[in-house]
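Chemist: Before I ask anything, here is the structure I am working with.
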Amino acid sequence: MPVMPVTAGRFCPARPPVFAAGRRKAAETLGPAVWPAPCTGIFRTVAGHAGHIGSEGKAMSFVGYFSTALSGLNAQSQALGAISNNIANSTTTGYRKVDTNFEALVTEASRTHYQSGGVIASPIYRNTLAGTTTTTGVTTNLAISGNGFFVTSKPTDISGAAVTFSDQTYYTRAGDFQLDPNGYLVNGSGYYAQGFTVDPVTGLATGSLDQIQVVQQVLPPEATTTVTYRADLPADAVVTVPATAQPVNTVDIFDSLGSEHSLELTWTKTAANTWQLDVAMPGGTPATAGPYAVTFDGNGHISNVNGVTAGSAGIALPAVTYPGATAQTVTLDFGTIGSDGAMTQYSGTSIDLSNISADGYAKGGFKNLTVDAQGYVSLNYDNGEKLVAFQLALARFSAAQNLQTVDGQAFTETNYSGPALVGKAGEFGLGSLVGSAVESSNVDVGEEFTDLITTQRAYSANAKVLTTVDEMLQEILNVKR
């Protein structure tokens, strides 16, 4: 027989079981049987599976109860795995936490009948949830404030100074970058930062995206070409015979070899509103230049510089040569004739010097690397000079939560994340950069422990369902005996 009633009064012996059309063969081996309404009762199929018959004629095998509880155990196990990984990476730089979403499954539902299907768990990737920015003091470390990911690549082969890179692009928030022996900017997980080369003349990022490689070599010296001089000469200075010079103003200049020399400016008042400038260049050939005549108008503005009455108030000194170096021409910049920003002559008895400076510099050894909020990478040298060499690239996605997670707190693009929009900090909705800092994991350990307790209780409850169903099944089998 296909079924065996187990409790008198709970079934209709006068009404044999009816199998759904087309399912007789399956029912004979697996069941369950469908009793004509309004019979109700508990039955056991020939395959040994127990089930319950409802008043509507539907039946659910105890196997269904087991599978529902097992789905709960599996779902909570997946949640526990995510929680465990989050806690393990709570101090991992740039780590993005993973939460768990639970979705109910229903095999059949109506006004009079409900048959559960269990639950399924799926991950929720918190890729856009920011972590805490932590200051490290390491100048190559970077954190992103706002939207975006660092654009990086990974090498496929490293042979000494020769590095071959994969065509795959990776995206990460882990900004614990350091310079490797080859000068590449690499984070702690082995991802190499990418960016654009900056034109030293225009200061603009140009060219295509590439790995950032810093060449740590000596910065060549640069000879001085301009001395900027701003001062207020004393209108009340007395013209004497012989003439009395004002104190000498001195500035350091550099030759083509990077050697430092002095350039001395001496002012002598020769008439009302008229001054004579003498220049000395000790150690150079020639060693002196001038005299040059400089005149001011009644408002104290410079009006004539050695015969020039408009435009730039500058004096090009004769080319000077220092031992071993090439000849160089130095221009004295006094501002623009007639403007407020140029030299002046107001009431007073001594020179009021506001600025005397020169361009050019001695050779410099590489000191460190710094990055500003716009991602400009500056190479700093021990002679005080700075060279802006690169600009870091950032990228954002329309659906960053759908990026593919890979090892090392990194991601790759997917069809569901949308294509990467690559740009520079501050444009296209991308965030800014924080130097000498890193972004910590976005895991809140307190929240994880709360979720851990909830998951543990849910897991235990599902396990209890399994043991309860097993006990009920044993009771049914005992009735037969």
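From the backbone N, Cα and C atoms, a Cβ is placed for every residue, glycine too.
Because TrEMBL annotations are produced automatically, they should be read as predictions rather than curated entries.
Checked TrEMBL, it gives:
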- 68-96: domain 'Flagellar basal body rod protein N-terminal' (DOMAIN)
- 143-214: domain 'Flagellar hook protein FlgE/F/G-like D1' (DOMAIN)
- 233-361: domain 'Flagellar hook protein FlgE D2' (DOMAIN)
- 436-478: domain 'Flagellar basal-body/hook protein C-terminal' (DOMAIN)
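Walk me through the surroundings of each of these features.
Modeler: Note on the domain 'Flagellar basal body rod protein N-terminal' (68-96): mean pLDDT across this stretch is 95.
Taken residue by residue, the domain 'Flagellar hook protein FlgE D2' (233-361) breaks down under DSSP into 0 helix, 69 strand, 60 coil.
With a threshold of 8 Å between CB atoms, the same-chain residues lying at least 6 positions outside the domain 'Flagellar basal-body/hook protein C-terminal' (436-478) that come near it are 6, 42, 44, 50, 62, 65-66, 68-70, 72-73, 76-77, 79-80, 83, 86-87, 89-97, 126, 129-139, 141-144, 173-176, 370.
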Chemist: Are there residues at least six beyond either end of the domain 'Flagellar basal body rod protein N-terminal' (68-96) with Cβ under 8 Å to its Cβ atoms? List them, or say none.
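Modeler: For the domain 'Flagellar basal body rod protein N-terminal' (68-96), the sequence-distant neighbours (Cβ-Cβ under 8 Å, at least 6 residues beyond its ends) are 102, 105, 116-121, 123, 125-127, 129, 131, 172-176, 187-188, 405, 409, 438-443, 445, 448-449, 451-452, 455-456, 458-459, 461-463, 465-466, 469.
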